Every structure is written in C-alpha cells, then in structure tokens.
Amino acid sequence: MNIFEHSIKNVDKGNVVAIVGTQWGDEGKGKIIDILSKYSDITCRFNGGGNAGHTICVGNKKHALHLLPCGVLYENNINILGNCMVIHLKTLMKEINNLGNNILDRIYISEKAHILFDIHQEIDAIQETRKSKDGNAIGTTKKGIGPCYSTKASRIGIRMGSLRNFENFKKLYIKLIDNLMDLYNIKDYNKEEELNEFYTYHKILKDKIINIISYINKSIDSKKYILIEGANAAMLDIDLGTYPFVTSSSTTLGGIFSGLGIHHKKLNLVVGVVKSYLTRVGSGPFLTEQCNEIGEYLTKKGFEYGTTTNRPRRCGWLDLPMLFYVKYINCIDIINLTKLDVLSGLKEIYVCVDYKNKTTGELLERGSYPLEDEQLREYEPVYEKFEGWDEDITNCIEFDELPENAKKYVLTIESYIKTPIVWVGVGPTRDNTITRKFD
C-alpha cells in the first residue's frame with residue numbers, strides 16, 4: 001500500500017508520514033519503516049543516537065542499523081540525520097562501509113546535530129557505575145547518549161557543522177575534551193588519535209553536512225514524499241516517559257518539529273507501532289512484566305534481545321492503558337501491530353485493560369498515566385483473558401485467514417484504543433505483513 005497517496009488523497013497538507021514507537025522501544029518499527037521507504041523519496045531520523053537499533057530482514061539477510069535511517073536500503077531514497085541527533089561518527093562510518101553501494105551519495109547530516117565522542121561513552125560508564133553502587137542504575141546502553149545531550153544542554157557540545165572547518169573544530173575539540181577530562185578525573189585519553197580520525201571524517205563528510213531545514217521544507221513544497229522514523233519510543237521520552245528510566249531526547253511527536261525543523265501542519269499521518277506483547281530493556285517500572293515461564297517463552301520465541309546491547313529484554317503482557325496514553329500524546333492516526341505470530345502456541349493470553357489503585361480500588365482514568373516509579377507502584381494491572389491459538393500464522397496474507405482467537409485479539413485492541421489497526425505483523429520479513437483497508 002502506498003500510504004502516502006492514500007493518506008493525502010483528501011487532505012490538503014504536506015506529504016509527510018511519521019512512524020513512532022508506542023511502548024519502550026523494540027516494537028518492530030524498522031520493518032514498517034522499511035516497507036514504507038519503498039514509496040518515500042526521503043527518509044528522516046530526528047532524534048537519539050546509536051542507542052537505538054532497527055533490525056531489517058530482507059530475504060535471509062539481516063541489517064542492523066543504529067544511526068542510518070532505513071531508507072538506505074532503497075537506491076532511490078535520500079536519508080537525513082536530523083538536528084536533535086547525537087552522532088558517534090565511528091559508528092556511522094562503520095554502518096556506511098558495511099552497506100557499501102555508494103550509500104554516502106544518499107545521506108545528508110544536519111549541521112545542528114551534535115557529535116558524540118568516545119569520552120562521552122567513558123563518562124556514561126562512569127556515571128552508571130556510580131549509580132549502581134546506590135542501586136539507582138538506569139540500565140543505559142553505555143553508548144554515551146546522556147553525556148552527549150548533557151554537553152549539548154550545557155552549551156559546550158560540538159555540532160556537526162563545526163566539522164566543516166577542521167582548524168576551528170580542533171580548537172573546540174581540545175577545549176571540550178580537556179574540560180570533560182578534568183570534570184570526571186579522566187587521566188588517560190588519546191586526543192591525538194581521535195583528532196586524526198576526525199580529520200578523516202572531515203574529508204569524507206564535509207559536503208554531506210547541510211542545512212536540513214531548508215532541504216526538507218523545499219522537498220515538502222515540491223511534493224516529495226517524506227517518511228519520518230522515530231528512534232526509541234514514546235515511553236522513553238525525556239519528559240513524557242517513565243522518568244528517570246528514559247532516554248535523553250524527545251522521542252514523541254513534538255520531537256519531530258525541532259528535530260527536522262518542519263511545521264506541524266505539514267505532517268498529515270502518524271503511524272503508531274505496537275508490539276502484540278510488551279518488552280523493556282534496562283531498569284524501570286513494568287506493571288505487566290512476567291518473571292516466569294511466560295516471560296521466558298516470549299523472550300525466546302520473540303528473540304527478544306537488544307539490537308544494540310544483545311541484552312535479553314524483559315517481557316510481559318500488552319498494556320492498553322499505556323497505549324491509550326501514548327495515543328493521546330502522539331495524535332496517532334493508525335496502528336501497525338507487530339509480532340502477533342509470537343503469541344501462537346499460548347493456551348491463554350492476557351491483556352491489561354485497566355490500572356487499579358491497590359489502596360482505594362479506583363480505576364485509573366483512561367488517557368492519564370502515572371509516570372513516576374513510586375506512583376506506578378500504587379497500581380496493579382487488571383487483566384482480560386483471551387483464548388490462545390495453536391496455528392502457525394506466518395503464511396497468512398489476509399486478515400480473514402487468521403484463527404478466530406487471533407482476530408478477536410486484534411479487534412479488541414483496536415476497539416479499546418479507538419484507532420484502526422492497518423498492518424498486522426505475522427513474521428520477521430517484509431512479506432510477513434497483513435494489510436487491512438482503512439478510510
């Protein structure tokens with residue numbers, strides 16, 4: 001389905017579609033982004049850094065992307081790394097080199113994106129070690145994301161635009177690194193070696209660093225199709241997620257406008273990606289977590305191991321109150337439900353439909369969400385039970401081919417969140433996706 005032509009048929013707006021994760025990440029955004037990239041002219045990433053990861057399965061080959069947008073897999077697609085990203089250039093160049101085929105010709109990097117240095121990763125590990133001693137570790141990927149955003153917020157960070165003039169970059173670099181070494185008592189850091197690496201990056205990338213705001217808006221005005229891919233997910237948003245167990249950037253709809261510099265009226269469709277069950281990496285509250293054989297089953301069958309860290313993900317039942325809250329804050333228009341096939345073989349499936357206060361027995365108002373850890377501990381999940389199914393659904397290509405219990409599961413989710421589920425993922429590849437009609 002060409003979602004761009006479908007979505008703008010009766011809407012006098014821009015040709016812009018956004019994909020956002022609705023949970024704690026790892027929902028399977030990469031696959032739907034990959035599918036839709038076929039129809040887009042430009043694919044944009046607006047936030048985050050190498051802590052995110054998309055795994056794209058094309059035939060028997062897997063592509064793990066941490067910084068590059070998924071559009072790089074299509075030769076007709078321009079790919080943009082946005083303003084609010086933090087970019088570890090060693091990681092970026094590794095991804096570019098792994099893909100080959102003149103990928104660099106189709107990549108542009110915002111001059112406003114911040115550079116993530118190796119010292120940011122060292123600081124991340126130092127901070128996490130200190131927190132773990134007090135039992136307050138966040139469970140970060142140790143990719144340096146938080147420290148890089150910290151230097152950005154402190155206005156001492158270095159932006160990609162500075163790399164175009166290497167002599168000026170060198171002065172900024174020495175000042176920043178000396179500052180951070182002193183602040184964190186880092187005695188041994190090879191500045192000369194890193195500067196040599198960055199001189200290479202300067203020569204390779206200086207013409208790829210541009211004003212993306214102008215580029216994207218001119219593209220929208222000329223009726224190009226723009227696909228926006230979110231990294232991480234809504235419940236990891238620095239402001240709207242389960243703080244402090246969040247990432248360091250805005251992962252929700254609002255982050256798009258600063259991350260790419262486009263007007264909100266230019267955005268005409270928001271796709272929310274929902275996994276059929278729930279997972280989380282690292283620390284933080286998780287009301288529906290299953291620390292039992294069900295959790296182990298979901299981890300193994302769903303191959304729930306982090307793209308970035310390879311850590312096993314915590315697994316549990318789908319949480320609809322959370323999903324309803326995320327729909328509110330992202331203005332989600334349609335849903336892509338993923339990994340329904342993982343639930344095949346379970347005799348019973350549970351879905352959280354309400355949060356009940358442990359003391360008063362009152363149910364949480366739909367659309368609100370207690371984001372603080374201590375607030376969440378006041379509630380317990382209220383479940384609805386569904387009968388499972390044994391059939392292998394990976395070869396289903398139409399919704400009506402699904403077992404009745406699987407269809408009931410999907411339709412119940414759709415009814416609860418009052419948002420059409422357009423795509424249903426029934427396996428790992430592009431072809432394992434059921435497309436339903438929507439108005």
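Yeah, the Cβs are placed from backbone N, Cα and C, and that goes for glycine too.
What Swiss-Prot lists as GTP binding site is 25-31, 53-55, Lys62, Thr307, Arg313, 339-341, 425-427, and the listing cites sequence analysis. In the three-state DSSP assignment, the secondary structure recorded for Gly427 (GTP binding site) is coil. Counting only same-chain residues six or more apart in sequence, the Cβ atoms lying under 8 angstroms from the Cβ of Gly427 (GTP binding site) belong to Asp341, Thr394.
Counting Cβ atoms from all protein chains shown, Asp26 (active site, proton acceptor) has 29 others lying within 10 Å of its own Cβ. What Swiss-Prot lists as active site, proton acceptor is Asp26, and the listing cites sequence analysis.
Swiss-Prot lists Asp26, Glu27, Gly28, Lys29, Asn51, Ala52, Gly53, His54, Thr141, Arg155, Asn232, Thr247, Arg311 with the feature IMP binding site, giving sequence analysis as the kind of evidence. Thr141 (IMP binding site) falls within neither a helix nor a strand when secondary structure is assigned with DSSP, and so counts as coil. Neighbours of Thr141 (IMP binding site), defined as other CB atoms within 10 A of its CB across all chains, total 24.
Residues annotated as Mg(2+) binding site in Swiss-Prot: Asp26, Gly53.
Residues annotated as active site, proton donor in Swiss-Prot: His54.
Taking all protein chains in view, 17 other C-beta atoms sit within 10 angstroms of the C-beta of Thr309 (substrate binding site). DSSP classifies Thr309 (substrate binding site) as coil under the three-state reduction. Here Swiss-Prot flags Thr307, Thr308, Thr309, Asn310, Arg311, Pro312, Arg313 as substrate binding site, drawing on sequence analysis.
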Between Thr309 (substrate binding site) and Asn51 (IMP binding site): CA-CA distance (Å): 8
Arg313 (GTP binding site) to Asp26 (active site, proton acceptor) - Cα separation in whole Å: 9
Densest Cβ neighbourhood among Gly25, Gly53, Pro312 (binding-site residues), 10 Å radius: Gly25
Nearest-integer angstrom distance between the alpha carbons (Cα) of Gly25 (GTP binding site) and Thr309 (substrate binding site): 13
Intrachain C-beta neighbours of Arg311 (IMP binding site), sequence separation six or more, cut-off 8 angstroms: Val281, Gly282, Tyr305
Which recorded positions sit within 10 Å of Asn232 (IMP binding site) - Cα, from Asp26, Gly28, Lys31, Asn310, Pro312: Asp26
Sparsest Cβ surroundings (other CB atoms within 10 Å) among the binding-site residues Asn51, Asn310: Asn310
